[in-house]
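Asks: Taken from Swiss-Prot, the feature transmembrane segment applies to 16-36, 62-82, 94-114, 129-149, 184-204, 213-233, 247-267, supported by sequence analysis.
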Amino acid sequence: MIHWEQSRTLLSFPQVGLHLSWYGIFFSLGIFLSSFAGIRLATVLCKDPNMRKELKTGLENFALGALLVIVIGARAFYVLFYGGSFYFENPSEIIKIWKGGLSSHGAIIALVIWSAAFSRFHIRRLPMLSVTYICDICGAVFGVAALLIRVGNFMNQEILGTPTSMPWGVVFANDSSLIARHPVQLYEGVSYLLLSLVLYWLCYRGSIRLGSGYSAAGALIGVASIRFCAEFFKTHQGSWLGEESLLTIGQWLSIPMVFLGIGILWIASKKREP
């Protein structure tokens, strides 16, 4: 059994009212490292040396916009699906993301939309920047960000797991029940990282071609499946569905992602047919 009493705040500057949380640091670091890995993967695999610099610049611009878009999408989904009536009664609280409340499903949807928009405005200059190309890169490198974000959740003592008698059960100081719980944040984060590493390796060695859609489809199906299973080890979240509901909000939101991934796989397979 592990007793976890880590403060949610990494650095505090009360003189200026600034408090840096573990979650915020890990979130930012994760996005940066995943972006770096994605740009590196794309430039290494680019066969035209004259295009590498321009491709690198384009993907750097994509990554900068993605950071903002991910936060907006993740917050919007949290407010809609997990906030219940609270945010409708207190709309000024919606912008206070430093208090917590981001949804990974919203982040994924926002990233796909941003990929489509970015591709539309840049594909004439860089024809390789198709929606599937960008999404394939994201699918191959998302794991670092996903892991660090879940580590941030663990450090913040949020998204608690169900009770367990296993020796690695964690007693969180902020949990009033003070009972050992599954460190489900780490289960989920490590699973995402392993999935992403497999996809990255397949892309790097050429088994999956960037732009084919296979990496994006694999990531969507894999992430949704991992999330669906992880929900069984989480305490109840959200207020739209009661604890007696057959599935959680997270599981319901994961189901369309599986079908979307299957649809992309089907389209990709049709393109390969002679």
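Every residue, even glycine, has its Cβ placed from backbone N, Cα and C.
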Asks: Cβ pairs under 8 Å only, please: of the recorded stretches 94-114, 129-149, 213-233, 247-267, which one is richest in them relative to the transmembrane segment (16-36)?
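Replies: Looking at each of 94-114, 129-149, 213-233, 247-267 in turn, the most contacts to the transmembrane segment (16-36) are made by 129-149.
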Asks: Suppose I define contact as three or more CB-CB distances under 8 A, residues 6 or more apart in sequence; do the transmembrane segment (247-267) and the transmembrane segment (94-114) meet it?
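Replies: Stretch pair touches.
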Asks: For the transmembrane segment (184-204), name the stretch out of 62-82, 94-114, 129-149, 213-233 with the most CB-CB pairs under 8 Å.
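Replies: It is 129-149 that shares the most Cβ pairs under 8 Å with the transmembrane segment (184-204).
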Asks: In the same chain, which residue numbers or ranges, 6 or more beyond the ends of the transmembrane segment (62-82), come under 8 angstroms Cβ to Cβ?
Replies: 28, 31, 35, 38-39, 94, 97, 101-111, 113-115, 118, 134, 237-240, 249, 253
